[in-house]
Structures are given as C-alpha cells and as structure tokens.
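Following: one structure in structure tokens, then a few remarks.
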Amino acid sequence: MPVLAQVDLRLDAGPLDYTLLAVYFVFVLGIGFLARRSVSSSLDFLLSGRSLPAWVTGLAFISANLGAIELLGMAANGAQYGMATVHYYWIGAIPAMVFLGLVMMPFYYGSKVRSVPEFLRRRFGKGAHLVNAISFAVAQVLIAGVNLYALAFLLNLMLGWPIPLSVVIAAAIVLTYTALGGLSAAIYNEVLQFFVIVAALLPLTIVGLHKVGGWDGLVEKVTGGPGGSEQLSAWPATELTGIQNPVLSVIGIVFGLGFVLSFGYWTTNFAEVQRALSAKSMSAARRTPIIGAYPKMLIPFVIIIPGIIAALVVPEMVALKAGDDSGGVVYNNALPALIGELLPNGMLGIAITGLLASFMAGVAANVSSFNTVFTYDLWQDYVRKDRPDEYYLRVGRLATIGGTVVAIGTAFLAAGYGNIMDYIQALFSFFNAPLFATFILAMFWKRMSAAAGWAGLVAGTLGAVAVFVLAETGVLDLPGQGASFVGAGVAFGVDIVVSVAVTMFTRPVPEERLVGLVYSLTPKEDRRHSTTGDDAGWYRSPVLLGIGVLLLTAVLNIIFG
Amino acid sequence: MARKAGLFDLRLVIAVLFAIYGVVLLVVGLGFTDEADLTKADGLNINLWSGIGMIALSAVFAAWATLRPVIVPEGGEGTGTA
C-alpha cells in the first residue's frame, strides 16, 4: 500500500529546516558565481585548468560517487544484510582506488589527455575512441536523469513536493552552477557536500547508537533479531552474494566485486578520473584517489550502521525485516525513515540538506563529465576541428545545458516507467565491464593493435549482455548479485581473449606514437612526480599513503570480519 | 609576483557555512528545545551537540585557511594552456 508508506515517511519539516536548506542553496549557487571568474578557457571550464590541490580533488573523487543510489542503496543493504555491506567499500573500492593512483595515474595525467576516451584515441585511434566516447556520453546523461528522478521521488516522499516540480528545480540549480563555473564549481560543491553529508549522518548515527544502547546494545539486538549474529560480521557474506558455500562466496566477493567490477568502475569511469585530471600536479593527481580512499574507508560507519539501526528501531522496518511487508516500506527507505524517527527540527533540516546535496552532486558529476567528453571527444574530434578555444568554451557551456535538458527528459521517462531505471543501470554496467581489461592491456602491452582496441571492447560488452539475457530469461540461475559478478567476469575474460587474438593478426601501433601511453615506452622520468614545493614531505608520498590505507582497511576487515 | 587568493578559498566557504549552521543549531539547542524534541532523539540534545561540533569544524577550516593561505603564482603552470 504505497499511500500508507507516504504517510509514514513524511518528515515533519518546519520553517527552521527549510531555512537551513535555503542557506545551503545560496552557498551552492554562490560557488557557481565565484568560480565563474576563474573560467577563461575551455580547459578552465572542463578541467578546472588543472589547478586544484589534492585534498579538494580527493574529497570530490568520493563525493562524485556519493549520490542517491549509493546513500539509499547502501543504507538499505545495511538494513537487509548487515555488516557484509562494508565489502562494497573495503573490497569493492579501496584497492581499485589505490591501484588507480599508483599504477594508472602516471599514464592518464602524464600523457596530458583531457578525458578517458582521449587516452583511447591516442593509444588506438578512432575505433575504440568512438565506441567509448559515445557510450560514455549517452550513459552519463541517462544516469543524470535517473539520479534526478531518484531525488524528486525522495523529495515527494519526505516533503510532499510534486515530482515534476522537484525535477525542474533540482535540474535548474545544478545547471546554474555547472554552466557558470564549470568543473571547478562542480568539484567545490562536491567537497562542500561531503562535509554536509557527514554533518547529517554522524549525528544520526550517534543518536541511533544511543537509542539501541551503544555498540553492545546493537550487537545484542542484531544477534537476537531475525538476521542473527551473522549480520554483524563482514565475512563470508553468503546472504549478500546469494552463494551458499562460504568459500565460493569469499571468492565471489574478492574476484567478482573486488577485482572485475570495482576496478572497471573506479579506474576507467571518467566521472571519477576527471577529478584527478583536474589536480595541479602529477603528485596531486596520484594522491587524489588515495586521499579519497581514507574517508571512503570510514564512511560505511555512518551509512551502513544507520541502516542496521533503522531495521532495529523503526517499527515498519522491524516488521519488514521479520518478513511482514504489509507496512508499505521498502529497504530503500531505511535512511529517510530513521531520520524521521530520530531527528528533531534543526538537525532534521541538516539531514534533508545532506540528502539533497548528495543527490544534486551526483547529477552535477554526470553533467560535468558529459560536457567534457562531448566537447573534446565528440565535437572537437569529429564535428568541428581547429576552432579557437573560445568556440569550445561555448560548446562546453551549451553541452552542459543540452545534457541537463536530456536528463530532465530521462527523469520524466523514469517517472512514467518505474523499472526503466533498472534497465538503464544494467545497460551501463555492460559498457563499463570490459573497459578495465582494455586499459590494462593498453598500458602494459605495447604490441596491442588498434583493431584489438575496439574489437575487445565490443566483444566484452556483448559478453556481458549475453550473461544478462541468460540470467533474465532464467537459463542461468544466479541469485542476488551473482549475475552482475559473473557478467563482469565474462566481459573481462572475453575482452582479454579477443584483444590478444585480434592483435596476433593485425599490425601493432608504431612505437613512437605510444610514448607516455605505454609502460615500457615511457621514460622513467616522465612517470615520476615532483617532490618539491607543494609536493614535498613524506606524508605527500602517494606510495606511502596508498600502503597506509590498504593496511588500515586490512585491520578493519580483521576487527569486523 | 605572487598574490593571496583570499576571496575564493574553499576552506573559508566551508568555515562560513558551518559557522552559520553551528550557531543556529547551538541557539536552537540551548533555547528552543522542548521535551518532545528530547524524547525523539532518545534524551540527547542533538541540536546542541551537533552545533558545537559544526562550530569546531568551522574553526579548524578557518584556522587552516588563515595559517596556510593559498598563494597564486602569477601566470602559474597549468592555467590557460589549452
């Protein structure tokens, strides 16, 4: 009964809460206007003029990903599966982020490419570049629409705002600051958003823990609850994977989630990599994902634990967890439901602001990476070459507007057909899955030919589609996350096999064109970063920081294992 | 010649936003919290404590921005090289 659910989740927001929300909007738009003054070229607009310090790009790196699906979805997983959800962070993000910073960033940043597709153009020429640039651009505007719809849906649920109104207001705010200040405005707002989200979720977690009687009370209540004490330990996560055998479940997590899925996402998704490319030096670019990894390691404590608590203290969630779904709530409501249950006016306003901030930053990340790929990789490479830079700055601004308008259209489409969102997300996991295989071969195997570049990508994508179709039609029986793990694995394997096979029968790319792009053809000095000035000091060493976060993550795995 | 980027330092923006939020929550927590609010948050005056926390965060960013101001090198590397 959806009507009942709406009544349950309506938050009791007062004038004070709306004022706090309005203050945030003033800051968000203010950053857009201020950032505009520093935009004088297309590189300023689309890549922040490669001028940002590492702590800013590092926080933006994780904020760009801290959108609607992440916040609500991970709290929901916490409510449903318990502590096993931390794998999405500790296994599914941290190692890939460290790998991106230490191994891949020297080629991304060192080659001075302006986007991930541009790396493919320099390495393989037009075939692979077109496949990647078009699929990425389409994916980003459609996902921006899905994010917009998720935001409007939540506003409707919590505050009673009409969905079309919410879509248009949110899109107008994002459009205003990204069209004015470009990537700098998007990134600065992502950093601001990070702190607002933490300011919203940390007090919520503290009140929640107080309510259940501290950590001991939480342990006691979860152990006595329907999930049992299994839900307090991260391993072997049989519920999460849907794989009954504990050993196979661990293998599924480490290889499926930890290796194929997460490396594909974190190391080749331009919406993420773009944050690092906007850093001011090679050292800052390498530190970007690694600095981001530290908060990424800790943030599950303020997302997953509130999810677990919601399933203990919100009556409707307790009923749902016990198997009674007549209350009309779904696990995705865990976070808003807990906010409504525990926070008084004042903090309630901060919490609403935090949720909204996260959703808007997600949309802004999609739009600001779309406009870069559209401008540099599609318009400049294939439509209008060799124009003065002001021309491309204007194209970048127009692409921002166009992308947002298409996203609004997608949002209304998603509002009309509920499960279209699931299909859009499935569609883009297909494009993402084989990319990591192609990039690793491209960076470390100089023989790999241009034809292998696009052939591997296309074949890998088709492999993932095949698994998806087989799972949907019931030919393959894979419960839970199993289908996406296997799909990504197949895409990875097919990409490698096809790339190697095609390379054997085609001519290699001339070596002089690969300097700076391939490991064995890049002089060691070019991969090094400076260690003077703003890059000096042992605490700014990417390797040391990377080892540090891996060790801390291992310790957390032991404590919460 | 180098100049300070005093007008648009993100750390100051963060400091100002959380100073506003912190003071508002502190005032609400001290002066406008009734029994119902306290009961809802399980007896914690969460507005008061969050307000104090946000003021502390604001102070940290203000101090950092004051002690280590951003120096913008004139015609620095990376700008306008498109």
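One-based numbering along the chain as shown.
Using the three backbone atoms N, Cα and C, a Cβ is placed for every residue, glycine included.
Feature list (source: TrEMBL):
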- A:18-35: transmembrane segment (TRANSMEM)
- A:55-76: transmembrane segment (TRANSMEM)
- A:88-109: transmembrane segment (TRANSMEM)
- A:130-155: transmembrane segment (TRANSMEM)
- A:161-180: transmembrane segment (TRANSMEM)
- A:247-268: transmembrane segment (TRANSMEM)
- A:289-314: transmembrane segment (TRANSMEM)
- A:348-374: transmembrane segment (TRANSMEM)
- A:395-417: transmembrane segment (TRANSMEM)
- A:423-445: transmembrane segment (TRANSMEM)
- A:483-505: transmembrane segment (TRANSMEM)
- A:537-560: transmembrane segment (TRANSMEM)
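The transmembrane segment (A:483-505) is in contact with the transmembrane segment (A:247-268), judged by 3+ CB-CB distances under 8 Å for residue pairs 6 or more apart in sequence. Note on the transmembrane segment (A:88-109): residues 61, 74, 77, 116, 119, 234, 253-254, 257-258, 261-263, 265-267, 273, 276-277, 279, 282, 285-290, 292-293, 296-297, 299-300, 439, 443, 516-519, 522, 526-527, 529, 542-543, 546, 549-550, 553, 556-557 of its chain, located 6 or more positions outside it, place their CB under 8 angstroms from a CB of the stretch. Contact count against the transmembrane segment (A:537-560) (Cβ pairs under 8 Å) is highest for A:289-314, out of A:55-76, A:247-268, A:289-314, A:348-374, A:395-417.
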